[in-house]
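Here is the structure we will look at, set down as structure tokens.
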């Protein structure tokens, strides 16, 4: 292998920038260290609160019940973990895992302030090398996290390994809008308004510019579906929400 091809294989995207793979993790980490304290507020402002509806639908499709063991991966500030903890009850377990300790700290504090103390475990973990045994979880959910992973396929293989047979995968993230007429409006809002909102609230325009760019670099609905199939999952389907701005992919481990 020549040096050029080797270099290309070691590269990935950080927003619209090409960076070395081993650098992306630290760059993404810096973004979320910066935005962690205002993350929930910014989600409400940027989506006009609609992200809560998307997450409710994710929970609805989860098939999680009392006694289940659930992994909320890249779970950040814990929105899904709150709902999962109620579904699994006292005999189940929710593992809230995130590679970023700032986000994990915010999530832990939020859940404890809500009185959720007994059935949620907090673990700092890399999605691409999950520190769990095979066939551990009934359900793994990734909410607005997959696009930030350095190697998405490696993360999906890792998730597949820790899911129980017939366990369910849920991936909630941004997609490509269904209607072309929405693209210009969506781009105008995303590239010109969202970063300014971020700057006003957090005094940090660059982190929110990255978040917008990461959405554009994320695989479209069909591409992600095929990636999930390639990594060993079956019965893969997806649900467009808000005209395809958000998408929930669902799949099962065979």
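Cβ atoms here come from the backbone N, Cα and C positions, even for glycine.
These come from Swiss-Prot:
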- 77, 98, 126, 127, 143: S-adenosyl-L-methionine binding site (BINDING)
Coarse DSSP state, helix versus strand versus coil, of residue 143 (S-adenosyl-L-methionine binding site): strand
Spatial neighbours of residue 98 (S-adenosyl-L-methionine binding site) that are distant in sequence (at least 6 apart) but have CB under 8 A: 73, 74, 75, 76, 104, 107, 124, 125
Surrounding CB atoms that lie within 10 Å of the CB of residue 77 (S-adenosyl-L-methionine binding site), all protein chains: 23
